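The annotation active site, for GATase activity is assigned in Swiss-Prot to CYS2 on the grounds of similarity to another entry. Summarising the annotation, Swiss-Prot assigns L-glutamine binding site to ARG50, LEU51, ALA52, ILE53, VAL54, ASN75, GLY76, GLU77, ASP98 and lists similarity to another entry as the type of evidence. Per Swiss-Prot, the feature ATP binding site maps to LEU231, VAL267, SER341, GLY342; the stated evidence is similarity to another entry. According to Swiss-Prot, the domain 'Glutamine amidotransferase type-2' annotation covers 2-185, on the basis of sequence analysis. The feature domain 'Asparagine synthetase' is assigned by Swiss-Prot to 193-516. According to Swiss-Prot, the feature site 'Important for beta-aspartyl-AMP intermediate formation' maps to GLU343.
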Amino acid sequence: MCGILAVLGCSDFTQAKRVRVLELSRRLKHRGPDWSGLHQHGDCYLAHQRLAIVDPASGDQPLFNEDKSIIVTVNGEIYNHEELRKQLPNHQFRTGSDCDVIAHLYEEHGENFMDMLDGIFSFVLLDTRDNTFIVARDAIGVTSLYIGWGLDGSVWISSEMKGLNDDCEHFEVFPPGHLYSSRERAFRRWYNPTWFSESIPSAPYDPLAVRHAFEKAVIKRLMTDVPFGVLLSGGLDSSLVASITSRYLATTKAAEQWGSKLHSFCVGLEGSPDLKAAKEVADYLGTVHHEFTFTVQDGIDAIEEVIYHVETYDVTTIRASTPMFLMSRKIKSLGVKWVISGEGSDEIFGGYLYFHKAPNKEEFHTETCRKIKALHQYDCLRANKSTFAWGLEARVPFLDKEFINVAMNIDPEYKMIKRDEGRIEKYILRRAFDDEEKPYLPKHILYRQKEQFSDGVGYSWIDGLKDHAAKHVTDKMILNAGNIFRHNTPLTKEAYYYRMIFERFFPQNSARLTVPGGPTVACSTAKAVEWDAAWSNNLDPSGRAALGVHLSAYDDKQNNLINNKPVEFEKLIPMEAPSLGVAIHS
């Protein structure tokens, strides 16, 4: 993937304007250190900073169709590009890049080809035949994208806010799953899955369907011509990703080029829960494991850089982005260009600790829908920008469109957390990979309780951040915060500290409006705070705020899961038994 910048329909065609576009494009150079390009056609500029992963030798951008009448600059990975090429037999492709199909699909289908793309992407396509353009962003918003408008009537597009904030009168986050057409001068949502309406699904839970869909999501993301690895925290999600990758790597083209030995990476404070759990999983899977430690001071020293790169003042995002930012630098120094990661599972399966308080399956499901829709503002933002700060790409198989459709079509009663019945968070995901004949993971890892990333890297990390902020923000500053920051007023010294840094880098009103706000507990939406009256006055978004839920050890019923005595799920809800001959413990 890469960094893109486009200025469309501007009134200035001078050399000075070209120099300015190049200057702004260089603000995105960290996203694509391998190559840069700028194409001008009349009043339109398309700039690109490339991180070369597929066809690194010839896939430089912008990309064109045969007669160069269609021009595309894109940040993305199209996993089904080989299949799409076969559907375009009358087209000649100029490169082996996975994104080369976009211009040709547009020639065949006009603006109506977005659903055909299986992957993650943000792109600008210029049709020079009538000087029109379209802009599109992937379904969930794994890739970052912003849109802005200049006083001269120009439209600006950038992978990061820093590429356009100084030159636009107004700018905002480009909505995921949408297309912007210059013909209509409006957004149109192209991603319309059944779960988006938040209606309650009724399909029975099929553990094999969940397993196979997720394995497929992981395997398709092993498309590469460069070295890669897996982020491994030792929790359920990253461990499953690592297990599947390790299991299937030998059968992929990547193994022919880079070997079948998987490299795994973990970060944490010395002695943190994640380091210990990740080492155990790595030993079990036989990966080449790289363990990075940092101190609280290391993290504090990086905070300003993190806020500049991640472009947010959201507390939980900054807490979690900082260790990931530090780890990404180390990973890139080893020659690795991309990693596969476990973001998205908690949103899909209700894995956050506050889901224990969901009053019924309807509330549970609508909250998962809200969380998925907001991912581009939180975990996707973190995974994309904290890694790309060092030219490292993160791929997230849990956010595969097909997998989301399978998981979100399941009756949410199966996802409900019922501790008195031994059903912990994400039970149906755990059970789908509980294979006695060929285990994916050790039992105690498969049933390890959820840790927020910022907690798992070491509990003293958050405490250290709070202590540091308290040295820079006084009680008087907090009392007057509402007069200084009228939008998303910070309520804690830590939040105020981050906001001050953010405003220094991004002082525009449009910038502060790109960051979500509102009450939250353990990463909940504002609506879910209503589930427990005790949460209404909570100021700490950490998972530890969900008192009585986060346990240092499992109770007896949870221990039964680890000790080969899973809860008898089928007695709760009738369910079809698996029939494909794969051992699923029940």
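Using the three backbone atoms N, Cα and C, a Cβ is placed for every residue, glycine included.
Overlay of Swiss-Prot annotations on the structure.
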residue	record	DSSP class
CYS2	active site, for GATase activity	strand
ARG50	L-glutamine binding site	strand
GLY76	L-glutamine binding site	strand
ASP98	L-glutamine binding site	helix
LEU231	ATP binding site	strand
VAL267	ATP binding site	strand
SER341	ATP binding site	coil
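Comparing CA positions across the recorded positions CYS2, LEU231, SER341, GLY342, GLU343, the one lying closest to ARG50 (L-glutamine binding site) turns out to be CYS2. Put simply, SER341 (ATP binding site) is 19 Å from ALA52 (L-glutamine binding site) when counted between their Cα atoms.
For GLU343 (site 'Important for beta-aspartyl-AMP intermediate formation'), the same-chain residues that are 6 or more apart in sequence and have a Cβ closer than 8 Å to its Cβ are ASP237, LEU375, ASP379, CYS380, ARG382, ALA383, ALA394, VAL396, PHE398, LEU399.
Ranked by CA distance from GLY342 (ATP binding site), the recorded positions CYS2, GLY76, ASP98 have GLY76 at the top as the closest.
Straight-line distance linking the Cα atoms of SER341 (ATP binding site) and GLY76 (L-glutamine binding site), rounded to a whole number, equals 16 Å. Proximity to the residue listed as 'active site, for GATase activity', judged by a C-alpha distance within 10 Å, picks out GLY76 from the binding-site residues GLY76, ASP98, LEU231, VAL267. Recorded residues LEU231 (ATP binding site) and GLY76 (L-glutamine binding site) have their alpha carbons 20 Å apart, per Cα-Cα distance. Note on the domain 'Asparagine synthetase' (193-516): its mean pLDDT in the predicted model is 94. The separation of VAL267 (ATP binding site) from GLY76 (L-glutamine binding site), Cα to Cα, is 26 Å. Between the farthest pair of Cα atoms in the ATP binding residues (LEU231, VAL267, SER341, GLY342), the distance is 14 Å.
VAL267 (ATP binding site) is 31 Å away from ASP98 (L-glutamine binding site) when you measure Cα to Cα.
Cβ-based crowding with a 10 Å cutoff singles out CYS2 as the top-ranked of the recorded positions CYS2, GLY76, LEU231, SER341.
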